[in-house]
Amino acid sequence: MAEHPELVAEMPAVARLSTPERLKHAQKRRAQQLKKWAQTEKETQGVKSGAERKRRRRKSNSQGKRVTFPDSIQLLEAAARHDAEEVRQFLQSGISPDLCNEDGLTALHQCCIDDDGDVVTVLLEAGADVNARDSELWTPLHAAATCGHLRLVQLLIQRGANLLAVNSDGNMPYDLCEDEVTLDCIETAMAEQGITQEKIEEARAATERDMVREIRQLAQAGADLDAPRAHGATLLHIAAANGYAEAAELLLEHRAGVAAKDEDGWEPLHAAACWGQVPLVELLVAHGADLNSKSVLDETPLDVCSDEEIRAKLLELKHKHDAVMKSHEKHKSLLQRRTSSAGSRGKVVRRVSVSERTNLYRREHEREAIVWQRAQRRDSDDEDADPRRRSTVSPGGLGEDPPPLPPRGVAGAVIFCFFFLVLSPLCCGRIPPNLLPTATAPPSPPKPAAVAPRMRRGINPTTPWPTSNGTERPPNSNARAPRRPPAPGTPRPPPPKAPGRAAPGTPPSSN
């Protein structure tokens, strides 16, 4: 047989041949192809025979080993192929009709889904459990009612199927049926069996009631309520996934862990969010469940939730939780700042108190000076209103020129206070009685001296001194009443030697 390059090279020559010649040339090339194919096939058969001999040799050396399958797989595979005869042969060989796969699905479940009445009849005649449950607690009647297979529903009810069977979602067969005719058949059967709404509610709560009873028994026995069960799930995982609020509350009262994780790293909050149990989500969050907890695959409860309503609820709870935690952290930091600054504030107060103690004496006299200044201003106004008093009464009651006013300002106030409080009692004496004038006429009632009240703390000590013609000594709370003016014709006592001083030999002033 010619090779490909040779065939390509002869194509121009073949194109110039006539039709009969080209036909003969094609027959020649076809004969060559068949010859080449026969030779190749002969070689291939030799190779296959050698491989077969080797395979048989290996089989003889393996002592008759072969691949086998479990009986459950063989039975389910035959039921899925709708082979009623093979199913009957398996059952006659002693295989149980209730064998199931890893999901708990039996051959009867599979046939009810596929609407295979013949195999269903064979299985029921072999004694298959009409109320068998898979991993999600579905019975064959659940499957037939969901698919709307009326004939199978009637057959299962006749064989004693439980009309009140509840699956893991809390649904009964009539809850899942959408076909009107099939639903009428189920409701008619329920009415014939005397099933009322009360019995339906009791049947729904039976599973949770059994779980609550089991939890109470475990708690009384002191058992660990967080002990992992199938797939590492705890009782709180089961209650959260199924929406058993009473069981969950009882577990939380006995301090079951809300942060317990199963083999997949799911917490009870993951289970409640995944299966849409809103009351359980709120309950777990209220007891401290972490909305940001992650599973082995870094999934939060929000990630495993597919229901938009549940997602919105989770987001709302998350925002509220974040706001509460933020407020808590703010108050906590504020309390820490207050606590840390309490000691330093006390030290500042103590330092200020020590520094003020050195100036306390000076400040007290400044305040007294202000009081005297205001009293002097009032006395000056009184003298302006009474000319006779202004012309006859002097600060010492002697009628002489008044002493000069004290200097103005704070320094002047301090000097003035120091003079009248310290030096005046020491250096000044009282006027001798023999120098006092004797009254020959009834004196006019004296005008009481204005006594200025002691001012409260906080007055500005830098208040300027007022300009006044009055020269009387500013009275204080302990000042004596003014002296009576001398009667006409009485001799006046000698003038004092210094302003603000009394005559020599007089007793010291009580001030």
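Even glycines carry a Cβ here, placed using N, Cα and C.
TrEMBL annotations:
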{"type": "REGION", "residues": "1-66", "note": "region 'Disordered'"}
{"type": "REPEAT", "residues": "103-135", "note": "repeat 'ANK'"}
{"type": "REPEAT", "residues": "136-168", "note": "repeat 'ANK'"}
{"type": "REPEAT", "residues": "231-263", "note": "repeat 'ANK'"}
{"type": "REPEAT", "residues": "264-296", "note": "repeat 'ANK'"}
{"type": "REGION", "residues": "326-349", "note": "region 'Disordered'"}
{"type": "COMPBIAS", "residues": "340-349", "note": "compositional bias 'Low complexity'"}
{"type": "REGION", "residues": "374-405", "note": "region 'Disordered'"}
{"type": "REGION", "residues": "435-511", "note": "region 'Disordered'"}
{"type": "COMPBIAS", "residues": "460-471", "note": "compositional bias 'Polar residues'"}
{"type": "COMPBIAS", "residues": "484-498", "note": "compositional bias 'Pro residues'"}
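Sequence-distant contacts of the repeat 'ANK' (136-168) (same chain, at least 6 residues past either end, Cβ-Cβ under 8 Å): 104, 106, 108-109, 112-113, 115, 117, 120-121, 124, 130, 174, 176-179, 181-183, 185-186, 189-190, 193, 195, 199-200, 203-204, 206-207, 241-242. When the repeat 'ANK' (264-296) is classified with DSSP, helix, strand and coil residues number 16 helix, 0 strand, 17 coil. The average pLDDT computed over the repeat 'ANK' (136-168) stands at 93. In terms of DSSP helix, strand and coil, the repeat 'ANK' (103-135) has 17 helix, 1 strand, 15 coil. Helix, strand and coil counts under DSSP for the repeat 'ANK' (136-168) come to 17 helix, 0 strand, 16 coil.
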